[in-house]
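Asker: Before I ask anything, here is the structure I am working with.
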């Protein structure tokens, strides 16, 4: 259902090819494998244009440098093979990302109503993001889409404790020269965009974790293997794996039901976060599709109550009144939505349709003209 997540599947697929190609080169010395890896990296950046692919060199470096062997300056100097990934990354950044970065930040403000003054600082986002990623990897109980639910003080303290324990663990693994360090760093590197000082992504999302999932499985396998070897319990890995499969199967069945329809999804996320204005707006869309006008009005109104500047919900409120035949309220909210977000040409189109239905052709033409100025690709029958 969520086609927006499909791009992350392709990103993860190409990332695995790139990483596997590099480590085949490392093991065998085959220049062909390195060229294959670099070619996959270049092509995936050109075809997908995903900034998330820029995490791949960091993952390769984490796995390569912190593989349990002794790390020193001489070791780093011999890693000439990183140069190809660095050059390709810099070119992609200069040609595409530098332009897209400002576009993305603008889109967050105009399309997603992101306000920097309301955003949590990085020092607060890091504990939330990493602890939530851990939760989603281990056992995702609650379904949260936008991660806007308030965090209580005790929970936030626990999140900070998790960060402290993680930092101590990483330091210990570095001291012990454990290959586990590289795997843990690779997991963190796979979600680096969520840790950007300037927020360019959601705090965390299931789709962000596709790539790191393989490293989590690898980490779990290593831990289970070492545990079985230490306590000398035959078939421990088999029993634990069977138990986990049973638990995750139940979790999968419940989550599949939540994702069965978009209405199920928003009702499930509403239970987790009853203060998200976006969720109420999406619920209003579902009720509107069902022509359940009272529930649609109530949902859109709740969304506006939670965020009075959310122009999308105000527009949808006006559109719902328009479908109900209440043109006065429709015009009121559509004008308000356009005032809140002057790029919302959809409101102009609806206003033009209302004026046209009332015989005000000059006013309708004015709205149509403004809409076309905002979106020249519109084909409007005047």
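Backbone N, Cα and C define each Cβ position, glycine as well.
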Asker: What range among 111-133, 180-202, 272-294 does TrEMBL describe as transmembrane segment?
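Answerer: Transmembrane segment, as annotated by TrEMBL, spans 180-202.
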Asker: Of the ranges 46-63, 136-153, 208-225, which one does TrEMBL list as transmembrane segment?
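Answerer: TrEMBL lists transmembrane segment for residues 208-225.
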Asker: Could you count the residues of the repeat 'TPR' (311-344) that DSSP puts in helix, in strand and in coil?
Answerer: 28 helix, 0 strand, 6 coil
Asker: Mind checking which residues of the chain, 6+ beyond the ends of the repeat 'TPR' (345-378), have their Cβ under 8 Å from one of its Cβ atoms?
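Answerer: Sequence-distant neighbours of the repeat 'TPR' (345-378): 311, 315, 318-319, 322, 327, 330-331, 334-335, 337-338.
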Asker: Below 8 angstroms Cβ to Cβ, which residues of this chain, lying six or more residues outside the transmembrane segment (180-202), approach it?
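Answerer: Distant contacts of the transmembrane segment (180-202): 51-52, 54-55, 58-59, 62-68, 101, 104-105, 108, 114, 116, 119, 122, 125-126, 129-130, 133, 146-147, 169-170, 173-174, 208-209, 211-212, 215-216, 218-219, 222-223.
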Asker: Please give the average pLDDT for the repeat 'TPR' (345-378) in this predicted model.
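Answerer: Here the predicted model's pLDDT, averaged over the repeat 'TPR' (345-378), is 92.
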